Amino acid sequence: MKFVDEAIIRVEAGNGGSGCVSFRREKYVPDGGPDGGDGGDGGSVYLQADENLNTLITFQFERFHIAERGKNGRGRDCTGHGGEDLILKVPVGTRAIDNDTEESLGDLTTHGQKLLVAKGGFHGLGNTRFKSSTNRAPRQKTLGTDGEVRSLKLELLLLADVGLLGMPNAGKSTFIRSVSKAKPKVADYPFTTLVPNLGVVNPRPGQSFVIADIPGLIEGAADGAGLGVQFLKHLERCRVLLHILDVEPIDGSDPVESARAIVGELEKHSPKLAGKPRWLVINKADLMLEEELQERIDHIVKELEWDGDVYTISAYNREGTAELAVKLLDFIASLPPEEEVDADAEVEFKWDNYHQSANESVNEDFDDDFDDDFDEDDYDVEIIYQR
């Protein structure tokens with residue numbers, strides 16, 4: 001299935017049902033009083049994470065999603081049925097953003113997690129709600145409010161512990177093949193990798209981590225060049241980044257300048273991403289003699305002013321890859337646990353406090369001198385004033 005990691009959709013929560021103006025009419029009960037019921041609340045729209053999904057492609061063809069409207073209230077104190085909530089299934093790792101305000105509504109990082117993205121309209125109140133000692137035949141009601149309408153931008157961010165960075169043909173896909181069961185395409189031309197790939201690494205029995213491979217970066221990627229910049233967001237949730245550096249590029253480019261270009265693109269895209277722990281991994285060590293290799297590594301470390309750990313591997317021959325995987329596992333285990341995001345936290349919705357202000361405004365409209373004893377329908381059949 002085609003990998004799609006972005007989609008823009010429109011969600012509309014259901015409108016609330018309106019209240020009813022009705023009066024009880026029975027034989028020998030001339031003044032039965034009000035019995036108009038409330039309307040039903042409109043259905044809300046939720047996103048729910050589903051581990052069985054891995055792409056947002058379905059939302060490219062279904063862009064409009066509308067929840068059910070609440071039913072209107074009826075006589076005999078019958079409350080309208082609430083609208084059914086609409087639940088949209090999305091892959092685990094999806095982020096919801098308000099496309100108009102760029103406000104982040106939340107992330108769905110665990111299977112079954114739900115996120116409210118459009119709140120249903122509040123129900124209208126029937127005239128029974130407005131009866132009092134001074135207003136015994138109220139003809140007031142409130143209408144149901146409109147449901148929330150949002151234009152949503154859905155972004156799928158892959159959940160991985162380790163992310164791979166590097167120029168095209170640096171050997172990232174070969175590395176992920178050497179340490180996991182993932183089988184991304186490998187060839188001797190740039191941009192062989194067109195979409196992100198995930199692999200599960202098992203350095204020890206019962207212990208594992210997830211590694212993500214994205215298309216290679218080139219200079220100017222933050223400004224739209226190449227493919228990698230649009231996939232950098234998939235590294236935002238990684239705990240550590242592996243900077244794969246080709247010690248002997250096939251095009252004769254300088255590894256130092258390539259490394260600097262990658263760091264520059266990271267800083268342009270996201271300072272937070274650039275500040276993540278980053279390990280330098282020198283790949284294709286089998287292409288040089290040992291003495292030349294060490295001189296090249298010393299030169300690279302000196303020019304980059306690198307003060308962190310440096311690992312030398314040959315992903316093709318799987319030399320040093322198993323040891324690196326074990327060190328990654330130990331490093332990830334030593335990191336403090338990530339802060340848990342409150343799954344119940346909700347953003348502010350426009351109708352949160354509407355019913356309070358609606359009740360206050362209706363009550364202010366009452367006149368104490370209103371003749372509530374008079375009713376032109378006292379000697380007629382039941383009449384329901386219902387919109």
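Even glycines carry a Cβ here, placed using N, Cα and C.
Annotated features, as they stand in Swiss-Prot:
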BINDING   166-173, 191-195, 213-216, 283-286, 314-316  GTP binding site
BINDING   SER173, THR193  Mg(2+) binding site
DOMAIN    1-159  domain 'Obg'
DOMAIN    160-333  domain 'OBG-type G'
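This view paints the features noted in Swiss-Prot onto the structure.
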residue: GLY166; record: GTP binding site; DSSP (3 states): coil
residue: LYS172; record: GTP binding site; DSSP (3 states): helix
residue: PRO215; record: GTP binding site; DSSP (3 states): coil
residue: LYS284; record: GTP binding site; DSSP (3 states): coil
residue: SER314; record: GTP binding site; DSSP (3 states): strand
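Just so you know, the Cβ of ASN169 (GTP binding site) picks up 22 other Cβ atoms within 10 Å once every protein chain is counted. For the pair GLY166 (GTP binding site) and SER173 (Mg(2+) binding site), the Cα-Cα distance reads 10 Å.
Rounded to a whole number, the C-alpha distance linking SER173 (Mg(2+) binding site) with PRO215 (GTP binding site) is 9 angstrom. Taking the domain 'Obg' (1-159) as a whole, pLDDT averages 86 in the prediction. Between the listed binding-site residues, namely LYS172, LYS284, the fewest other CB atoms within 10 angstroms of a CB are found at LYS284.
For the binding-site residues listed here (SER173, SER314), the lowest count of other CB atoms within 10 A around the CB belongs to SER314.
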